[in-house]
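Worksheet: one structure, shown below.
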């Protein structure tokens, strides 16, 4: 068998066969070396592989160095007014303030329910330097006020016209011993005596009496009768109705 002529086919045909049937190279005659083939075409990219396992935790980083504070910024524009908040709890009472100025007079009030329709009042004086008669009635001969005429300066007696509670009082000047008695319908109610220790003295006394219509009240003296009524040494007898029945 002549190898030199049978192992040299045409180059074009051999190249085609080599590309189509590369495995057949192993079946070629061991004594015959073929021409190296052309590089193949690039294959398509493969798929992404699976994620790898989580790696170990790294070492702590180097602490950062704080930076320097920047310059202060400019003041911003005022914001919109906020909504009104809820009322807070009531605070403690403050201290009283100073009194305010006096206000104008108010309107007249309504008439009260109680109105005293009946009145009785008098004040009379005894204007004389002569002593009254011993053991007798004392007349007060000058009226300061006696609008109802309930005290009679001629008789020296007060006559009750309006039943009720009355108050009687006397202030008498004296230049000698004096005992002043208040009588109600000839019955002695009070007696005030004063013994002289100076040239002139004053004696006083008062009493509340409930009177009925027609009752009479007057003043009298006993044998101590040093009552006077002069300028600077007045003797006064007064009475008035407190509460009518």
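Glycine too: its Cβ is placed from the backbone N, Cα and C atoms.
Look at Swiss-Prot and you will find 1-28 tagged as signal peptide, backed by experimental evidence.
Summarised by DSSP class, the composition of the domain 'Collagen-like' (31-112) is 0 helix, 0 strand, 82 coil. Annotation source Swiss-Prot lists domain 'Collagen-like' at 31-112.
Taken from Swiss-Prot, the feature 4-hydroxyproline applies to 36 (among others), supported by similarity to another entry. Every protein chain considered, the tally of other Cβ atoms within 10 Å of the Cβ of residue 36 (4-hydroxyproline) stands at 7.
Here the Cβ of residue 39 (4-hydroxyproline) has 6 other Cβ atoms within 10 Å, regardless of which shown protein chain they belong to. Look at Swiss-Prot and you will find 39 (among others) tagged as 4-hydroxyproline.
Contacts of residue 42 (4-hydroxyproline) defined by a Cβ separation under 8 A and a same-chain sequence distance of 6+ are given as none. Taken from Swiss-Prot, the feature 4-hydroxyproline applies to 42 (among others).
Residues or ranges marked as 4-hydroxyproline in Swiss-Prot: 45 (among others). Cβ-based neighbour count (10 Å, all protein chains) for residue 45 (4-hydroxyproline) stands at 6.
Annotation source Swiss-Prot lists 4-hydroxyproline at 63 (among others). Long-range neighbours of residue 63 (4-hydroxyproline) (same chain, six or more residues apart, CB within less than 8 Å of its CB): none.
Per Swiss-Prot, 5-hydroxylysine is recorded for 75.
Annotation for residue 81 (4-hydroxyproline): no spatial neighbours, criterion Cβ-Cβ under 8 Å with sequence separation of six or more. What Swiss-Prot lists as 4-hydroxyproline is 81 (among others), and the listing cites similarity to another entry.
Per Swiss-Prot, 4-hydroxyproline is recorded for 96 (among others).
According to Swiss-Prot, the 4-hydroxyproline annotation covers 99 (among others), on the basis of similarity to another entry.
Taking all protein chains in view, 6 other C-beta atoms sit within 10 angstroms of the C-beta of residue 105 (4-hydroxyproline). Annotation source Swiss-Prot lists 4-hydroxyproline at 105 (among others).
The disulfide bond annotation in Swiss-Prot covers 179-193. Sequence-distant contacts of residue 193 (disulfide bond), defined by Cβ-Cβ distance under 8 angstroms and a gap of at least six in the same chain, are 177, 178, 179, 180, 203, 224.
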**Prompt:** Between residue 105 (4-hydroxyproline) and residue 99 (4-hydroxyproline), what C-alpha distance do you get in Å?
**Reply:** 17
**Message:** Can you tell me how many other Cβ atoms are located within 10 Å of the Cβ belonging to residue 99 (4-hydroxyproline)?
**Reply:** 6
**Item:** Integer Cα-Cα distance in angstrom, residue 96 (4-hydroxyproline) to residue 45 (4-hydroxyproline)
**Value:** 96
**Request:** Pop the mean pLDDT for the domain 'Collagen-like' (31-112) in here, whole number is fine.
**Result:** 83
**Complete:** Whole-Å Cα distance, residue 39 (4-hydroxyproline) to residue 99 (4-hydroxyproline), is 118
